[in-house]
Structures are given as structure tokens and as C-alpha cells.
């Protein structure tokens, strides 16, 4: 399947299919040089997939650390200096091969190298179906996740679904959080549909039917980011579960999607408190348990520490913390939430696991 952005200009294709990696070769000849920034784990399992591409004299491979460990100033400078040592021109391509962190990092390299070079996303995880589309790139700060970055559109997104076959279950769980988030944004019917399909760990682990839901997720994100590329309005909805989730992820060092799932439950609790919504918290917790999410760390959540991270969230303004909340299905808002409400919601979340 080939999708296409529909901005007024500078559009890019998104290939979502088995064997999509073959599309890379059609781009290589266009560039003076290309640098494949590949996650160390992906390189371990799939290095041979890139043998043909690396046979080109103008293509170089750079193996980078897996996951969030790569999104540091130190790794950023080291990688930039290596690329610059090859006397690159602006007609250079940075090709990101890996999960969401790899795409974030490589995209920031592309956005800042010579003030901008070509950028191709080759996501290899379920999680990256979300981050590879929409143009957000960046690295982390000691103050929080993704606080240093840019909006930078790729030249192409090449999503080869064959990469998903070897994902460990932890990465399947992490990626599914973003697929599930897109279903929540699409409403009650879409949420019921995905819950009925992926009803337990065994089905989720099999990835049976995942291709369809990944495609739906990408289409959902495309509709939103084309309407609001720079996150001034509806694009903020894509941060559902991320205000609290990023804080949990950054402090407790758990996978992104696991933390987002905790953040999704948390926002349901906040919505119930602020709007007298009737979200069934037990239902969502039991669903996560059925799928195999490890939730034991919830009892160790320390609100004061997490709150400091929440204060650094990019959605905030001078009035304080803003959260994306599902008031009711089909009625999503970005709402200021006071510290006391946030604290009570955290304490309530913990009571479900005592």
C-alpha cells in the first residue's frame, strides 16, 4: 500500500507493505552520498537486507545504539562529526533504520546537517508506525524527552512489515500502545473493534491482523498532521496518554508504549474527575492485564517526582500542565489540569493495584 501526504507542497510517499525495503534503491541514485543510521539490534538481525544497497560506493553504514540511549548530545555530535568528515553536500541522504528513537535521532541529524539534507525513514517496529510519519524529530535533555528537536518532513517513509516478524513481545506491547491510541482517537466503535480483535496476549503476540491496524493508525495520524503540522491544534490529540506517560517512561526507564498505556488509563481517571465522565477504569486495566502489560511498577509511582517531569511537557503554557483528555468518545479536549487533581488521579491509579 502506498499513501501520500497532501500538503500544499513538499509531499512525501509512505510505503506500507511486505518487501517495501526494495524501494530504497530507487532513491539512492538521486543523492551524492547516503548514510544508513541503523539501530545496533536491527543490524544484528537484518544486516544482510542492506548488502545490495551498501554495495554502492556512495552509501555508508553507521551503527548507533538501540533505543533512547542514542538520543543524547554526545551521540549526536559524534555522528555529525563522522558524517561531516566525508565532505558531504546538501544532496546527501540520512536513512534511519530502526525504531522510533532511531528515526527521531536520525531525523534531527538530517534537519541540522548543513541546515537540512534529505531524510528517509525505514521503521522496523510497530511503535515507529506512529513516529515515522508527521515530521517530528529530536533528542532528549536531562530535563525530559524530546525537548530538543524540530519539525522536519522526510523524503519518504518505507515501512517494510517483514521487520515485525522478529520483534520480541516487549516491543510488540510497546508498539501496540500507539496503535491502540489511534483507535481511541477514532472513537468507541474503533476501540471496541481493536479490543475484540486483540483480546489476549496470544493473539497480540501472533501479530495476526496487525497489518490492517497499522495502516489504519498511519491513516489516522496522516489526517491529523496534514491538518495541523506544527501542533497548534488537533495534532495535540496525538499526545493522548503522553503527558503522564512520558514522565513515567523517563523516570522509571520503561518502554515508551508501556508508559503510554499507563498514561492512557491515567487520563481516563483525570477525565472522570474533571468532567464527571463515566469511563470504566477497571475495564481498561483488565484489558492491559489480558494483553500481558507489566503494571506492577504502578504501586511505586512517586507523584512529586513525576510532576516535575510533567511540568516540562511541550503542551504546557504559562497556566501550567495541559493534558489531552477523552471527555467522551468523539469528544477530545486539551485541558489545563491543576496539581491537586493530578495528584489525586495518581493516588487513585495506585489504589487499583494494591
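Just so you know, the numbers here start at 1 and follow the chain as drawn.
Positions of Cβ are set from backbone N, Cα and C atoms, glycine also.
What Swiss-Prot lists as NAD(+) binding site is 100, 101, 102, 103, 104, 124, 125, 136, 145, 163, 164, 165, 166, and the listing cites sequence analysis. Here Swiss-Prot flags 178, 242, 256 as Zn(2+) binding site.
Location within the structure of each feature annotated in Swiss-Prot.
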{"residue": "100", "record": "NAD(+) binding site", "CB count, 10 Å": "27"}
{"residue": "102", "record": "NAD(+) binding site", "CB count, 10 Å": "31"}
{"residue": "104", "record": "NAD(+) binding site", "CB count, 10 Å": "26"}
{"residue": "125", "record": "NAD(+) binding site", "CB count, 10 Å": "26"}
{"residue": "145", "record": "NAD(+) binding site", "CB count, 10 Å": "24"}
{"residue": "164", "record": "NAD(+) binding site", "CB count, 10 Å": "21"}
{"residue": "166", "record": "NAD(+) binding site", "CB count, 10 Å": "12"}
{"residue": "178", "record": "Zn(2+) binding site", "CB count, 10 Å": "27"}
{"residue": "242", "record": "Zn(2+) binding site", "CB count, 10 Å": "26"}
{"residue": "256", "record": "Zn(2+) binding site", "CB count, 10 Å": "26"}
With DSSP assignments reduced to helix, strand and coil, which class does residue 145 (NAD(+) binding site) get?
strand
Rounded to the nearest Å, what's the C-alpha distance separating residue 102 (NAD(+) binding site) and residue 256 (Zn(2+) binding site)? Just drop the number here, would you?
13
Among 100, 101, 102, 103, 104, 124, 125, 136, 145, 163, 164, 165, 166, which the record lists as binding NAD(+), how far apart in Å are the two most distant Cα atoms?
28
What is the interatomic distance between the Cα atoms of residue 256 (Zn(2+) binding site) and residue 104 (NAD(+) binding site), given in whole Å?
13
Residues lining the Zn(2+) site besides 178, 242, 256 (CB within 8 A of their CB center) are 127, 130, 177, 181, 241, 245, 246, 257, 259, 260
Pop the Cα-Cα gap between residue 178 (Zn(2+) binding site) and residue 125 (NAD(+) binding site) into the table, whole Å please.
11
